[in-house]
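S.K.: Have a look at the structure that comes next, please.
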Amino acid sequence: MFSLQGQTALVTGGTRGIGQAAAIALAEAGADILLAQRDDSETSTKQAIEALGRKATIYPADLSSQASVAALVPTILLEGHRIDILVLQVNLTSVFTLCRTTGAHMLAQPLRPSGRRGAIINFASLLSFQGGITVPAYAASKGGVAQLTKALANEWAGHGINVNAIAPGYVDTEMNAALMGDEERAAGIEARIPAGRWGRPEDFKGAVLFLAGRGSASLAVRHQHQHQYPPPYNYPLKPLRLLHLHFLHLPFSCSESLSTQPAKSMAPAKLKIGCAGLGRMGKRHAFHFLNRTPRAELVAASTPDDAEIQWAKVHLEPHGVRLYKDYDEMLKQEGLQAVVIASVTSVHADQAIKAINANKHVLCEKPLSTSVEISQSVVDAAKTRPHLKVMCGFSRRFDASYRDAWTKIDSGLIGRPSIVRSQTCDKLDPSGFFVAYAEFSGGIFVDCSIHDIDLALWVFGQDSIVKSVVSSGITAVQPELRRHGDRDNAVGIVEFYGGKMAYFYASRMMAAGQEDSTEIIGTEGKITVNAQPMKNLVNIYEATGIRREIPGDYYGRFEEAFVEEAKEFTKACLEDGKVPMKLTGAVQAVKIGCALQESLVTGKKIWFDETGRRAERGQL
C-alpha cells in the first residue's frame with residue numbers, strides 16, 4: 001500500500017529541513033526523485049537518495065522567478081520524465097504555477113488500477129489557520145496555499161488526482177533557529193505542544209508517504225496541522241472539529257478534513273488530436289498537446305522513422321497515445337478529430353489535404369509547402385469543408401510581445417505603418433543539420449524569413465499585394481548550402497502597393513543565440529519588439545563588464561507562443577470559433593518567400609502587377 005516503486009516525484013525545497021526529509025522518505029518507498037533547487041552546488045540530498053539505490057536528478061530553478069518556475073515542468077517533461085507525485089515546500093505564486101503545469105500533465109495520464117493519476121502535496125503552515133504576529137506576508141501566503149489546495153482538490157479529486165496540504169507548526173529547522181535561540185519564548189511554545197518538544201523534519205515522513213501512496217486514495221483533501229497556540233493565542237487545546245471519519249495521528253499533529261467529497265460532474269469535452277511527425281518540432285507539439293493544452297487529448301502519433309517510433313514508445317505510448325508508422329492509418333483511428341502536422345515540409349500539403357478529406361481539423365507547421373501552387377491546393381481543399389478549422393502555424397502571432405505591439409499599431413498609436421524591418425537569426429549549428437535540411441526547406445527565406453513575411457502581412461493587412469522583391473545573400477560559414485541554392489545570411493526587400501515596404505534579414509550564424517527582432521515604423525512613431533534580445537532579467541557582472549544571456553534557439557524564444565497556438569486552435573475547434581489567421585495569408589507568405597529565394601539565386605528583381613501576378617518591369 002505504501003510502495004512507490006516505479007513512480008517519480010518532483011520535490012521543491014529538498015536541500016534541507018522538511019523538504020529534504022520528504023524527498024528521502026519518498027525515495028525510501030521506492031520513488032525516483034527530481035529535485036528543484038536554486039543550483040546544483042548542494043548535493044547532500046541527491047547523494048542520500050542515490051545511496052538508497054534510487055535515481056535523483058537536480059533541476060536548477062529560481063523559484064522566486066515566475067519565468068524560471070514556468071519553465072521547470074516543461075523542461076522536465078521534454079527530457080522524458082513523468083511526474084507522479086509533486087511535493088511543494090514553497091510559497092503561493094510558485095505553488096499555483098507548479099500545481100497548474102503538473103496538474104495538466106497528470107490529467108493527461110491514464111488512470112492506474114488504483115483509480116489515481118497522481119498526488120500533489122503542498123506544505124502550508126499552522127499560520128494558515130490562526131494567522132500570526134509580525135509575519136503577515138508569510139501568513140497570507142500560507143493561507144493562500146491552504147485555500148488553493150482545497151480548490152484544486154474539489155476540482156481534481158474526481159479525475160484521480162489527490163491534492164492535500166500538510167500544515168506544520170513549530171519545527172526544529174534553520175528557519176526557526178532564531179526563535180529557538182530565545183529561551184523564554186521557546187519554552188513557552190514548547191509548553192503548549194502536547195508531545196512536549198518541537199517537531200523534527202523526520203516527523204513528517206509518514207504523512208508524506210501516506211498522502212503520496214494508495215493508502216490515501218479515498219481522501220478528497222486532508223489538511224494535517226499541529227495544534228499549538230503560541231502567544232498571544234492563549235487558547236486551551238481542544239478536540240478538532242471532524243467533518244469526516246478519517247484520522248491520521250502523528251507525534252505532533254492530527255488530521256482534519258477540510259472539504260466534502262466533490263460532486264461528480266460530466267468531464268468537459270476534449271479535442272482528440274493526432275500528431276504527424278516526431279522530429280524536433282513534432283516532439284514539441286506532441287508534448288504541448290499531451291501536457292500543456294488542458295482542452296485537448298493527444299490520442300495518436302505517426303512517423304515513418306524507426307528512431308522516432310522508439311522515442312514515442314517511451315514518451316507517448318505509456319500515456320495512452322497510439323503509434324502509427326503510416327499516417328493514413330492514423331487518420332482512420334476512431335474518434336480522432338484533428339491533426340497537428342509537423343512532418344517534413346515536402347509532405348505538409350499532402351497530409352493536410354488527406355486530413356481535410358477525412359473530415360479532420362488541421363494545424364499545420366509552416367510553410368504549407370515550398371510551392372505556391374501546392375500551398376494553394378490546401379486552401380482549395382479547405383474551401384470544400386468550411387466547417388473544419390484549418391490553420392498554418394505562424395507562432396509569432398501568438399507571442400505576447402508581438403500581440404501587444406499589434407494591438408498598439410491597430411489602435412493608431414504610431415499612425416499608418418509604412419516600414420517593417422524584421423529579422424530571424426538562428427544560432428550557428430555546426431552539426432550540418434541546416435545543410436541537409438536545405439534540400440527540403442525551400443531555402444532561408446521560406447524557412448526562416450517566412451515568419452517575418454507573415455508579420456509584415458499582419459501589420460500591413462493580410463490582403464496586401466506585393467509590388468516587387470529583391471534579395472541577396474552570402475555563405476559566410478557553410479558554403480555547402482550553395483549546392484541547394486541556399487545561403488546562411490540573406491537580405492530581402494519587399495515593396496507593397498500602397499506605399500509600404502519591408503526589409504528582412506535572415507541568418508544561421510549567430511554566435512550568442514537566437515536574435516529575432518522587429519521594428520515597425522509608422523507615420524507618427526515606431527514600435528520595436530525584442531530590439532535587445534534577452535533570456536530573462538538576470539544581469540551577469542564579470543571582470544569584463546555586465547551582460548545578459550539570450551535564448552539559445554527559436555523554441556527558447558517562442559515556447560509560450562507555441563503553447564498558446566495549441567490552446568487557441570483547440571478552442572476554435574471545440575467552440576466552432578474562428579482561427580486567428582486566414583489560410584490565404586499562408587499562401588501569400590510562401591509566394592513572397594519563394595520570390596525572394598528566386599531573386600537570391602538569380603540576382604534579378606521580381607515584379608508583380610496590381611492583381612499580384614508576376615509581370616515584367618516594362619508591363620507595369
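Cβ coordinates are placed from backbone N, Cα and C, and glycine is handled just like the others.
Whatever TrEMBL says is automated annotation, not expert-curated.
Annotations for this protein, taken from TrEMBL, read as follows:
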DOMAIN    8-83  domain 'Ketoreductase (KR)'
DOMAIN    272-387  domain 'Gfo/Idh/MocA-like oxidoreductase N-terminal'
DOMAIN    403-527  domain 'GFO/IDH/MocA-like oxidoreductase'
S.K.: Summarise the domain 'Ketoreductase (KR)' (8-83) by DSSP state, stating how many residues are helix, strand and coil.
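M.R.: Breakdown, helix to coil: 33 helix, 16 strand, 27 coil.
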S.K.: Per DSSP, how many helix, strand and coil residues does the domain 'Gfo/Idh/MocA-like oxidoreductase N-terminal' (272-387) have?
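M.R.: Summed over the domain 'Gfo/Idh/MocA-like oxidoreductase N-terminal' (272-387), the classes give 55 helix, 24 strand, 37 coil.
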S.K.: Mean pLDDT, the domain 'Gfo/Idh/MocA-like oxidoreductase N-terminal' (272-387)?
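M.R.: PLDDT averaged over the stretch: 97.
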